[in-house]
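Undergrad: So TrEMBL has the following annotated:
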TRANSMEM  20-38  transmembrane segment
TRANSMEM  50-71  transmembrane segment
TRANSMEM  153-180  transmembrane segment
TRANSMEM  222-242  transmembrane segment
TRANSMEM  254-274  transmembrane segment
TRANSMEM  294-314  transmembrane segment
TRANSMEM  321-338  transmembrane segment
TRANSMEM  344-363  transmembrane segment
Amino acid sequence: MDSNDKADADKAMSANLKYLSLGILVFQTTSLVLTMRYSRTLKEEGPRYLSSTAVVVAEILKIMACILLVYKDSQCSLRALNRILRDEILNKPMETIKLAIPSGIYTLQNNLLYVALSNLDAATYQVTYQLKILTTALFSVSMLSKKLGVYQWLSLVILMTGVLLYSYVLICGASIIWSLSLARRARGSWLAASSSGCHRPCRWPSDAQELDAKALSAGSQFVGLMAVLTACFSSGFAGVYFEKILKETKQSVWIRNIQLGFFGSIFGLMGVYVYDGELVSQNGFFQGYNRLTWAVVALQALGGLVIAAVIKYADNILKGFATSLSIILSTLISYFWLQDFVPTSVFFLGAMLVIAATFLYGYDPKPAGSATRA
């Protein structure tokens, strides 16, 4: 009787952990995207924070968090912590250097996500970024010789269709608006030069300003779309490469994340020096930082670790459910709170295809012989 009670308690605990994992996954995914988008579009006095420095600070926070987790796993002993770090990192330089490649790609990806969310609304970003499922699957097949089932290949086709459908509409809209803007400018200049009685461009100023603003928005959307698509490919390759390293060695995931964070900080500081060195010398490394900025940095640093910690309690269907909820929440909040997104029928069609593909990719059909026992 006691064993049955214990089994029931374990089952109830497992179910509670699953739902807790769902809540954490939805909160982390949605809050990171929305706070990052809000922080990059919020108009405040003074300089805006530099995304390159935020990436570096996030890597440092990730290193600190992983060191604390290793300290906890070593029975809270500083001597044991020091021995583990020395034996697993310093005394294995070749194993550590292997992490330089995925770390550099992850650093590029994190910077691209800031670029994407500076130019795309959260809902569009959430839908298009799911293309990383396709890139991860393709790299898994080529690098890990992973076998995909019929349902998974079908889900990848549906996913690609949904993302490309919405991306095609965005690109076409951007190119049309940009062409109209160039044509309007050329026509205004020609009329101004050919009309002897007109000393200024003969066009409606309100129309020109509105069209220029739309052209700027369209250009920003194209830049954001290219950034998120590039991030999808970098995420797929780096994730599979990291998975391959984890399978070839027996080091803990926390040690590996410390190594990733170390190289990520170096690559990130190089990016700060190359792209924002002059701004940092003028206004400081932490220019424009506020509570919202620190929240974005913390979510980016701890997000991956939270997912790694709870993913063992969540199956693929639950992950798909969390992704779907995150897309829906991002759409609602972008429309009602941020007011930077107006959903269209094409968006809803693309989003439904992406959500369906996410569920289908994690679907694991049971064999015909595995029927429930009577």
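Here, residue 1 is simply the first one shown, and the rest follow in order.
Each Cβ is built from the backbone N, Cα and C atoms, and glycine gets one as well.
In TrEMBL, annotation is done automatically, which means it is predicted and not curated.
Since the structure is predicted, the reported quantities are computational estimates derived from the model, not experimental observations.
Explain the structural surroundings of these features, please.
TA: Beyond the ends of the transmembrane segment (50-71), by six or more residues, the same chain brings 40, 77-78, 81, 84-85, 107, 110-111, 114-115, 118, 252, 254-255, 257-258, 260-262, 264-265, 268-269, 271-272, 275-276, 279-280, 285-288, 293, 296-298, 300-302, 304-305 to within a C-beta distance below 8 angstroms of the stretch.
Remote same-chain partners of the transmembrane segment (222-242), defined as residues 6 or more beyond its termini with a Cβ less than 8 Å from a stretch Cβ, comprise 99, 101-102, 105-106, 108-109, 112-113, 115-120, 124-125, 128-129, 131-132, 134-140, 143-144, 167, 170-171, 174, 256, 260.
Sequence-distant neighbours of the transmembrane segment (321-338) (same chain, 6+ residues past either end, Cβ-Cβ under 8 Å): 22, 25-26, 29-30, 33-34, 37-38, 41, 121-123, 125-127, 130, 314, 351, 354-355, 358-359.
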